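Asks: Okay, handing you the structure first.
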């Protein structure tokens with residue numbers, strides 16, 4: 001057992017639209033517990049619909065935390081999320097209650113169980129500098145520069161892997177240490193891996209595909225366009241995570257007249273299906289045998305309520 005780690009947690013992972021949120025609410029009723037967002041996009045304010053955050057009825061049905069608490073103008077790291085979770089779990093009102101972590105971000109679950117390196121926060125000006133250098137000089141030139149400064153890290157990266165090259169350079173400059181050093185420093189588990197009840201929902205692909213299409217059509221009809229309008233008014237950097245939420249680019253193109261309603265919906269649905277496929281692949285390949293896989297939430301609920 002990890003010293004100080006929560007021993008009564010429930011973890012519910014799965015791709016978008018798989019029925020995780022409804023299952024979490026059922027478990028909150030069953031246990032008297034509270035729900036904790038474990039999805040990197042649902043932390044952002046403004047995009048209630050497009051990130052499929054719990055609606056008013058859901059929020060009234062169970063206690064939810066860490067949803068929509070981050071401004072879309074901010075970048076929000078896994079480390080920041082973990083700090084927020086730690087603060088939440090130490091609140092007196094949360095003691096002796098069951099935390100139910102639900103979401104689709106695999107790295108959040110890994111961090112929760114202590115399997116993610118404690119990555120440093122890099123100053124914004126350092127990040128901006130190296131992203132600017134990448135645009136000007138290209139990945140091969142920066143890979144050569146990384147080879148001079150941090151040859152061991154450079155040896156692990158392909159010369160065309162721009163994102164990881166920039167990350168390695170900014171970490172080296174911002175902290176004075178190689179990214180390899182940080183990657184070898186594992187985090188402290190907040191949830192005990194051995195005692196937690198862990199479920200991953202992996203529905204039938206056809207069922208999930210159809211559900212994604214229906215859900216996005218409802219998003220469109222119920223206010224997704226207004227959400228994107230509100231986001232665009234903020235005049236944010238397109239590179240910010242909130243601006244990359246599925247549907248933002250497509251609805252923006254629709255508002256600008258460069259894409260029809262039908263095409264915007266179709267492209268958003270396709271992008272969501274591709275995202276769900278990537279999530280499913282990650283969960284299949286990265287989660288160990290201690291996670292119980294179910295195709296539907298009813299079977300998962302039955303298992304969770306019979307396994308204490």
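All residue numbers here begin at 1 and follow the chain in the order shown.
Here the Cβ of each residue, glycine as well, is placed from N, Cα and C on the backbone.
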Asks: May I ask you to indicate which of 35-38, 39-42, 43-46 is given in Swiss-Prot as region 'Interaction with substrate tRNA'?
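Replies: The listed stretch tagged region 'Interaction with substrate tRNA' in Swiss-Prot is 39-42.
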Asks: Hey, what's the Cβ neighbour count for residue 21 (ATP binding site) at 10 Å?
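Replies: Its Cβ has 25 other Cβ atoms within 10 Å.
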Asks: State the non-local partners of the region 'Interaction with substrate tRNA' (163-167) in its own chain: residues 6+ outside its ends, Cβ under 8 Å from one of its Cβ atoms.
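Replies: Sequence-distant neighbours of the region 'Interaction with substrate tRNA' (163-167): 130-131, 133-134, 139, 142-143, 146, 157, 179.
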Asks: Round to a whole number and give the Cα-to-Cα distance in Å for the pair residue 20 (ATP binding site) and residue 105 (site 'Interaction with substrate tRNA').
Replies: 12
Asks: In angstrom units, rounded to an integer, how far apart are the Cα atoms of residue 105 (site 'Interaction with substrate tRNA') and residue 21 (ATP binding site)?
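Replies: The separation of the Cα atoms works out to 14 Å.
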